[in-house]
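Supplied in structure tokens, the structure appears directly below.
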Amino acid sequence: MAATTETKNYKLNHSMIRVKDPKESVKFYEFLGMKLLKKLEFSEAKFDLYFLGYDSPKAVSVGNSIFDREGLIELTHNYGTESNPEYKINNGNVEPHRGFGHTCISVDNIQAACQRLGDAGYRFQKKLTDGRMRHIAFVLDPDGYWVEVVGQKPLEATEGVKETDVQTYRMNHTMIRVKDAEKSLKFYQEVLGMTLLRTNENEKGGFNLYFLGYGPKPGEGEGTADREGLLELTWNYGTEKDETFSYHDGNKEPQGFGHICVSVDNLDAACGRLEKLDVNWKKRLTDGRMKNVAFVLDPDGYWVEIVQNERFTGKDNF
């Protein structure tokens, strides 16, 4: 295990969301082609964690240990919520509790993929035929979280194609809204070591989208739809000028989204580096019972978990 830490070894490992009924949620994400890779039970604390990701022979991280991957979904289930009629998830897209926006899967043939989802009875927030943006759709998971569906090929190239292969799907990105794009970009690039891969400016709509991740920038003519574990920051113009404006971090009531997670080559060294960079901590390694995870806060107060990539230690974290 290295005595130092290098951000080139970091991975955007997973995004955590709370779910009401894990059976229904696991069923949905498995229908999207994911596999339940690990379940962690914390019966004393009355919650379980379910880690899902793509693991077919065509997957990017096939066969890797849990924390040596990018683009996983972590489902957190607190015991009893499935039988509580009053329990509801905050999906992050309803005022006044907006913040987290969605996760996104990229697919081989988007028309066929959306048809398959519709035929299975899953509801859509936005179908391909809705609105002006005909190249994206949003399907709803059992808790009402938005899952964006984008194509790995141009829309015209897959028109009329009836088949879709879930083994080729990718958990492409997680979107969060940010108040001040400049501050957030600085944090994710300079503190967490991500690379700005592309920017979409929408002046008419009054917003910009920034896509960040670990690894190289796309080459000439290449896109990011075949990648896993990216972070999309959405900045709506003018929010940075409003002192009273803030986004919901998902961990205050009403809860929903929990955090994104970065796995690192050397947990102690990485946290030491973050300490020197004067980050805001939610939980240091020495806090609480779990001494193998830390949490830092980004400029909007979103939680970022820091964990050990098991490839560098040769042993499981849990």
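Using N, Cα and C of the backbone, Cβ positions are placed for all residues, glycine too.
Note that the structure is predicted; figures quoted are calculated from it, not measured.
Pulled these from TrEMBL:
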| type | residues | note |
| --- | --- | --- |
| ACT_SITE | GLU305 | active site, proton donor/acceptor |
| BINDING | GLU232, HIS259, GLU305 | Zn(2+) binding site |
| DOMAIN | 11-152 | domain 'VOC' |
| DOMAIN | 170-309 | domain 'VOC' |
Which of HIS259, GLU305 (the recorded positions) has the most other Cβ atoms within 10 Å?
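Most Cβ neighbours within 10 Å: HIS259.
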Would you mind checking how many other C-beta atoms are within 10 angstroms of the C-beta on GLU232 (Zn(2+) binding site)?
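Its Cβ has 23 other Cβ atoms within 10 Å.
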Between HIS259 (Zn(2+) binding site) and the residue listed as 'active site, proton donor/acceptor', find the distance joining the two CA atoms and give it rounded to the nearest Å.
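Spelling it out, the Cα of HIS259 (Zn(2+) binding site) and the Cα of the residue listed as 'active site, proton donor/acceptor' are 7 Å apart.
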Do you know offhand how many angstrom separate GLU232 (Zn(2+) binding site) and the residue listed as 'active site, proton donor/acceptor' by C-alpha?
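Pair distance, Cα basis, whole Å: 17 Å.
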Averaged across the domain 'VOC' (170-309), what pLDDT does the model get? Just tell me the whole number, please.
96
Using DSSP, tally how many residues of the domain 'VOC' (170-309) sit in helix, strand and coil.
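Residue counts for the domain 'VOC' (170-309) by secondary structure: 24 helix, 55 strand, 61 coil.
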